[in-house]
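> Please find one structure pasted underneath; my questions will follow.
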Amino acid sequence: MESFDDMVDMEVINDQELLVNLKKRYQQKKIFTYVGPTLLVINPFEACPHLINLEIKNKYIQSAINKENRSTQPPHMYAIGAEAIKCLFENQKNQAIIISGESGAGKTENAKSCMNLITSVKFDTPRQSQEKKNSINKFAIEDRILSCNPILEAYGNAKTLRNNNSSRFGKYTKIYISKKDKKIKGAQIYNYLLEKSRICLQGKGERNFHIFYHILKGMPINELQQLFLSENDQPIQLNKISYINTIQDVDGIDDKKLYDEVIQSYNLLGLESDKSNIHQIVAAVLHLGDLQFDDATLTDDVPCKIVTENKLEYLSKLLQLSIKEISEALILKQRIINKQKIVSPVSYNQCIQNRDSWAKELFERLFNWLVCKLNQNILPEEEFDVNNNNTYIGLLDIYGFEVFDKNGFEQLIINYTNERLHQLYIQYVFKGEEIVFKEEGLDKFCQHIKYKDNQALIDCLDKPPLGIFDILDEVCQVAGDDDLLISNIRKKQKDPKYVLQPKMPSTQSFIIVHTARNVEYLISGFREKNVDEISVLTAFYSQQSGNPLISKLFAVEEKQTQTVTKKDKSLSKKIRTQMNDLMKELTNNCDVHFVRCIKPNDLKKPQLLEDDYALQQIRYLGVLDSLKVRKQNYPFRRLHKQFYKQFGEMTSNPLFNILEQQSADFRELNLQLFQQYYPKLGPELVLFGQKRIFIRIEGMDIIQQVFTEIMEKKSKIALKIQYNWHKYLIKKNLKRIHIHYQKIKLCNWRKALKAFQDLYYYQLRQSKMKLYQNQLDKILQYVYRLQAITNFDLIMKHIIFIQRQIKKWLFFKRIRKLILVKFNINFIIENSWQLIRLKKEQELEGFIRMMNKRNELAAIRIQKWIKGIQVREHIKKLNKAAFKIQGFVKMKWLSKTFKQIRISTNKIQKLIRRYLIKQRAKNIKKEQYFKPLEEQLNETVKIEENDLFGNNLNSLSFDQILNQDDDQFRDKGQLFDIIVDLELLSDIGCYQPSFSSNYKQLFQQCYKNENIIQSVRVGSFHSIASTSLNKLYTWGLNNEGQLGQGRLSDIPQQPQQLTLNVVMDQIECTDFNSYVKCQDGKLIIWGAQCETISYVDIQPVKQIQCRFDKTYIINNQGMVQYWDSDHVIQNIATNSPISQVSIGLNFIALLNNQGQVLVKGTNEHGQLGLGDILFREQLIQIKIPYKANLISCGLKHLSIQCCNGKAFVCGWNQQGQLGLGDFQDRYNLVQLKYETQQICCSRTSTMILLENKQVLWCGSNGNLKFQNEFVQLAKKMKYIQKLNPVRIQCSYSKVISLINITYIKMEKIKQPEKLKGILGTLTQKWVENNINSIDPPMIESVSNYLMHYHMKKFSSNNSQIVINKVCRK
């Protein structure tokens, strides 16, 4: 069954038949179908070279030039363009082509195809060549118009979930064509509402505007460096730009190729001089999105701080503003009160909003400026009159109907625009029918026209004062919130036909019953997006920009907005005004051609047409209703005068020209014509209006048939009349000719008789002359014959003599010739025999030589064969002899070796048996010795855990201690450090009764006296702790003086206070030494290296780190020094100052001020993160993608934290301490999936502190065993479950490993809403300063919320210790 090009021709019209026809054509790759004058296009989602090519385009161009009917060519987008051109000149009225459909239905591609055809049509006119010479621009206007598309698509199109090249703005293009020479004079572009919110936020699976990706992937690296969009001579990675989703490649979009097209369009349209300024604005938009703010210091007078200073420098160069001006525009606001300007800080959220608003405003104004520049280049060069001398074809390509999972303000604006366009279609197809019938006085015949009108739905959106857009403007004017907006909508819009409430009334949304489908809109963001304004300071500083393009953009806009009210500046008001102007333009000034695009599926797959999905669009687009109207209505309409001019010839009335001069009533004449020739055609087929006659298709067929029959009869009668008339004229003309001939004949009779007589006598004379001549010839012949007879005999004699002589000569000549031939034959025969003899002799000699050579070769081969056989036989004999000799030798050697092995084996077996007996005896002894020790160690572990976390009868639990004095701190926060886990590695007999009991006793004593423990460090046989009141406690063994108590002793000591008259900043322990770093940088030591408490004579110390017997310090100049048990101070050479140091087992890691990490030492597990296991004697920098701010070393693994919260780990992982889900070592840095505030490594575990104040850990340590993924820390104390951690500390030695966390107690703080910001700022500043210090650094904004002794101001004269000995070697 064949498909229909025009579905008006279908006999049966319903949804299924319509869909079957479209599906059949789609499978045949015929994507274009007519519905009367409307064109339906189904998106193929693939290239169609059989439909879009130069040959087909030329056919339609020729059709437009020849003014052919549209039905002569198959349906096509080119046909709509050709029809618009034809109607433009025939009707002398402007034309418009409206392309509509859902997002992803192919509107943009069809618009480009139509524009391509319109700009390719060229009429041959005499003035064309002359105008080409006079053209000012070196590029043709058609090329300039087409070159606008790459720029507009780059800056206005983006990838969405439903379309890879979706137009995110509306575009109406007018192409002006002269009436005189039918040549394109220019064009003008109108743009509508760019979706600028896409700049800051894109949905999942979507991209930002194409231009950003074109620049990053297509621009040369030297130009990218000028825009600060490169790193390491490569374009910057997309995941490092906040405003860009990390979608790399999109089907059908080659960013590099499209960038080249944009640059080519710049050059063609005269924008090459502005290219640098344009790209600077685009780059500035990207850098604005990377600005970050910190509100830790925010007060009523102090604004937020911009953290990303490097981005500020980039923006300063791109926007050509000072860093101060950019900062003030973002973090301050200006108000005018009593004619005075007042500047004040804004909140953190307002800073973000100012940043995003500035970026959106820059891009939108750039886009509008680009449209204006394009118009300047494509408008007609000379002065023109649009109304008189030039007509135009308008082409509307605007965003399609959109429905997503979450629909916002942009979708409401887009869908409102599509409702207005659908209303225009209704007016042309349906309402136009009603108006025409009513004007013709045929009201009763238009009742059958039924359609779905959407005017009420449009009124629900934009009709004041109850329209949704007016409600939104009203709420924005009174600065209301989302609750007020949704409540007003629900109160004022109660019509369930068009506005529905969601199933959950608590949801802040409403549902609009659109013509296409129901759409639920979330109210969040409506007010902000509708206001469409930037801050006063932002606009002011933008006008002061040194970039001429930026200052021009904001200066022009400022002049236009000085008299505009706040309501008029709303986006909803703008789009309504633009739509009203567009509808007036299309309704009053243009004939409209409609193209309805259909999306076959939502998966963007070719050759897949989903029935329900396509049918829903067909119904929404009104295709079926318009088809029925065209089919069932009166499609043929003529003015009475035109109809009579066409069909009046079959009547007997006077000619049309005579009737026209007499001003006849053609309606009455048509009525008489139908009464005479078509009496059976009633109102069901033909209607007579006041000015027109309306005819249905069936009626028109009857009229044409009768007209043809009557005209054929009249033609036959006319032929007969013409034949008889011509016959009569011929006879009449013959009679006249005969009469004239007779007259000529009578007048010339005498002259003819005399001439005849003269002719007769002349002929007689001539005949007699011939007779005389013949007789004379006969006489001469007789004389000649007589003379010949007399001479014949003499001649014969001479002839006979001559013949005889000739015969003799010929005979002798033949004889001589025969003799010569015989001689030659004999000579030839003799020579031939000689040659044959010589040749045979030569052949015989050659044969003999050949046979001799063959015999020689045969003999040589036989000799070789015989010799080969002899040699092989000899070699076989030699091989056999050699095998026998080798076998004998090997047998002797193996026999001797076997005997030696057998003797050695017996000896080895004896030795192994002895060794096994000894090992068995040793194992028995070890079991007898170690088993009690293991049982003792396990029992010790239980005791330690019970003393630390359990309820011992002799002491209170931590929960009881903390709850006991819970009310002592009422107004401000309290920091305290508590051990949350410990692991015993060996016997800890140095603590009595246990380490945990000593620690808990000290904790209870200090907490009761408001002297809270802040830091704890452990050595191999002793421990030290510092408190909030600058007190130091030591306990354990004092065998090397490590407790600082003076008298050496091997008896475990209870916690005792060690008096030091200094302000302590940090404490550390080695195996047999203790250190205190003072706040003024002096370092105090006591233990095995110094008999008494002394200080180390070195420069002021910034940080100290100890592990086992090694000590590393960093002085104030950033230099690193270290010593071990011999206390010989050595320097480590570095290229830049060092800010942090961390120590593992025989390896170290350093962090310099630039955020770079340097490592050296052992590397058997890859703990240096260099990709191998080679030992490094010199410092080597690790490659990390971000700036680091914290490093921490475990026993054989390393962790690094970066400023942006990213964390990396590497090294030993057999205990699961890297938290990567396995137990494999890592030789390179691996990024964790968490963003951290602090990371800390214990001996075989890793701890991280997240932004939500959760603590996660992995690895092995005490209660944690072989955990290879991060899990939440098990809090065995109920009290601390309601507290927030701010710091993690890990301390381990050869016998014990501790994990202690600093918590903050702020239940009774007066301003709990600021708790989150205070905690984040506290941890961040602590990490930046020194995370191992006893107290946090001084932070003005946080100090108001903590007890006074937690943040001490620095005092230069605080070390009052009596120096007993200078300890230095």
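Every residue gets a Cβ built from N, Cα and C, even glycine.
Pulled from TrEMBL, these are the listed features:
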DOMAIN    2-712  domain 'Myosin motor'
BINDING   GLY101, GLU102, SER103, GLY104, ALA105, GLY106, LYS107, THR108  ATP binding site
REPEAT    1030-1080  repeat 'RCC1'
> Including all protein chains displayed, how many Cβ atoms other than that of SER103 (ATP binding site) lie within 10 Å of its Cβ?
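Neighbour count, Cβ to Cβ under the 10 Å cut-off: 22.
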> Looking only at the repeat 'RCC1' (1030-1080), what is the mean pLDDT?
89
> If the ATP site is taken as the center of the Cβ atoms of GLY101, GLU102, SER103, GLY104, ALA105, GLY106, LYS107, THR108, which further residues of that chain fall within 8 Å of it by their Cβ?
ASN43, ASN163, SER166, GLY400, CYS597, LYS599
> Below 8 Å Cβ to Cβ and six or more residues apart, same chain only. Which residues does that give for LYS107 (ATP binding site)?
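Residues satisfying the criterion: ILE99, SER100, GLY101, SER167, ASP397, ILE398, GLY400, CYS597.
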> Output, ordered by sequence, the same-chain residues six or more apart from GLY104 (ATP binding site) with a CB under 8 Å from its CB, or 'none'.
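For GLY104 (ATP binding site), the qualifying residues are ASN43, THR160, ARG162, ASN163, SER166, GLY400, LYS599, LYS604.
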> Using all protein chains in view, find how many other C-beta atoms are within 10 Å of the C-beta of ALA105 (ATP binding site).
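By my count, 25.
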> Sequence gap of 6 or more, C-beta under 8 Å: which same-chain residues meet both conditions with respect to GLY106 (ATP binding site)?
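Counting only residues 6 or more apart in sequence, the Cβ neighbours of GLY106 (ATP binding site) under 8 Å are VAL41, ASN43, CYS597, LYS599.
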